[in-house]
Structures are given as structure tokens and as C-alpha cells.
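A.B. asks: Handing you a structure now.
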Amino acid sequence: MQKKTLSDVAIQGKRVLMRVDFNVPIDEEKNITDDKRIVEALPSIKKIIDGGGRLILMSHLGRPKGKVNAEFSLAPVAHRLSELLDTPVAMAKDCIGTEVMQAALALQDGEVMLLENLRFHAEEEANNPDFAKELASLGEIFVNDAFGTAHRAHASTEGITHYVPVAVAGYLIEKELNYLGKALDNPERPFVAILGGSKISGKIDVLENLFTKVDTVLIGGAMVFTFFKAQGLNVGNSLVEDNKLDLAQALLKQAADKGINLLLPDDVLVAATISSDASSHVEAVNSMSDGMIGVDIGPKTIEKYRNEILAARTVLWNGPMGVFEIDNFAEGTFAIAKALAEATSSGAITIVGGGDSAAAIAKAALSDSITHISTGGGASLEFLEGKALPGIEALND
């Protein structure tokens, strides 16, 4: 998908209005507990400032439900951003209105202003055209660098593009399109996809789209038990979507018909309850005990999956292998994370999409050892499903 980017436009002396994703966690003392999303936007921000642009940033934060709520003010973000840039960041009182317009017009080359939370106005999520038009009037160039909200047609992502002369992608979105797009359109092979998580229902569209692209699919997480039950195996008390058994069978048949190597676990870690103090042991999937719950993939499966990952040239991972939030049930997920890091160092392209997988990579301190970690949970999932993302479709080709 070829879209014009920040590199294609002249920004010197221009008011550049950029949609970013500054939806960061903030504690009760107004401290930002994780500034990853702010840091990720810095390349685009610095490009505009250093190029003499007059930067106006906009974002949402939390869910203020269309009303002004001081708890969701972006002021702490302006403060943190000014520390990271070592330059003042003006905090606007609102995101539209005369006062904001005057402040935007008063900006000098290389100066930065952050607008107040877009979602203080219900019109943002409703994609109200008047609101979009008013936002658009603040800038001369629009840049979207918020991949995490690209799957939403909101005023600041989609509506605004109808009222600006220039609408381009920032570096963060460009990077997402390069990695996710290349993996789906023109991957180096073998291409292995690893899908985890608890429900098949959340991954049907991803599976069906990937069946047209990949060579091998490795399945983990609780969704394996729906596949096993569909094959007539005993799954004890493991999580199963009983209304998706036919679908599971259909997916297995579809993979076989398309010549996809779809692998399921050979062994699983089981426990009587999902709790940190529960004792656990490994069982073969064809002889699971009654009353037990599958909580992770077992050692044989880890080895089997690791070998597939290390033989791949492109690896895409979405979803954990087990209940990785509990340390005793996290081994499979961390083993996959380590295998991805190993594959990367051997020259494979490795892509991680989805919040849980990214969290596992971070917890294993391997974030720097992966080619690309997607910044958008829902957006990357919809992209992998082959769906058009309104916030990106709307940008200039």
C-alpha cells in the first residue's frame, strides 16, 4: 500500500497538524507510567521541528465519553514531551475554538503545541464533519502517525482528510505499512505465522486471510482446545468454544486443502485451577485428564515450534501461548519470544502484533531483538485480516 509520507512534503514554515497516539497510562499523581507511545512518535515530531515546521499535535486519552474531564487532560503528556524534546511544548486549552486557532497562527518555525484531548468532544468519535473541518482549519498539512487508531473512522483520522489539501503518513505508520504490508504482500519464505490467544472467534478472519499467504501456522493459547475437542479429544476443563467446533473442523480442512502446514501442540501444561499457587504438570494432548485445564504449551511443542520458527525467513506472531500473566504458566510464551529473537539474529524478519505478545516480548526484555513490534493492537489485527483501515485509506496516494 503506497501512501505519501512525511518525507514527500515540504514543511518549512508550514503549520503541520499531526494525529498521534498519546493514549498513555497515567497514575493518580498524574505521572505517566509508560511513555513508550510518546517515544515512538519522536522521529516524526523531530523531523517536523528540525525541518522548521510549526507543529500542532492532537491525540485522545482514555475514555472521557465526550465531556471535559480533568482526569483525562493531556497536560502531563505535554510536560513529558517537552522533557523528551528538551524544548517547550505549549498546552492548548481545547482542540478547537478561536483561542486555539489564534495560538496555532502564532506558532513560529520549530515550535510545538499539543491540543487538549480530542475525546472531550463527542463529535470526534462520531466523525462529525463540522468538527473535522474545524480541526483541519488549524493546519496546512495533515500527518497521521497514530496507527493504533487507524482502524477507526474518527474526525481526527478520517473526517479531517476531506478538508485538508495534503494528508500524509508519519514515520510510525510508514514503518507499520512497510513491515505488515510486506509480510502480507511479498514475504520472504518460508513464512510462519504463530497465533495464540483464548478464542478462535477472535482469530477466524486472520486465519482465513493468512491461509492465502503463509506456509506454516503454529497454534497456541486456549484456542487449541476448541480444535482438539473438534477432533474428538478429551480436553478436561479447558476453555472451549462449543459453538465453534464445526468452524474449527472447517479451518483444519481449509488449511489441508490449501497445503498449509497447520500445527497444533503435542503436549500441554495442565493445572486444576488457573491461579499462581496451582501445581501443574505436562500431559500429552491425546491423553488429557478429566478435570484439568490446559494453561500453556508443553516442552515437546515448544521444541517443535522453535524448530519451525528457526527455519523461517518471515515470522509473524499474534497472541500468547498460555496464561503468561501467571509466571508458572508463561514458559511457552517466553520460549516463543526467545525463538523469535534467535530467528531475528539469523536474519529472519520477525513481526509481533497484538498487545499481549508485545507485552510478553517486553517482559522477556527482548523488544530490541525483534524486527518490528506493531504499535496498534486492534489496527494490526484488522490489517492482518485484510481489512482496509479508514485512517490510512484516506491519506494521499
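Placement of Cβ uses the backbone N, Cα and C atoms for every residue, glycine included.
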A.B. asks: Taking Swiss-Prot at its word that Asp21, Phe22, Asn23, His60, Leu61, Gly62, Arg63, Arg119, Arg152 bind substrate, choose the one of Arg15, Arg37, Arg54 listed for that site.
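C.D. replies: Answer per Swiss-Prot: Arg37.
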A.B. asks: Does anything in the same chain, at least 6 positions from Gly355 (ATP binding site), have a Cβ under 8 Å from its Cβ, and if so what?
C.D. replies: Gly377
A.B. asks: Which secondary structure state does DSSP assign to Ser357 (ATP binding site), in the simple three-class scheme?
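C.D. replies: For Ser357 (ATP binding site) - judged by DSSP and reduced to three states - the answer is helix.
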A.B. asks: Quick one: of the binding-site residues Asp21, Asn23, His60, Arg119, which has its CA closest to the CA of Glu325 (ATP binding site)?
C.D. replies: Asn23
A.B. asks: Where the distance is taken from Cα to Cα, which of the binding-site residues Lys203, Gly294, Asp356 turns out closest to His60 (substrate binding site)?
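C.D. replies: Closest candidate to His60 (substrate binding site), judged by Cα separation, is Asp356.
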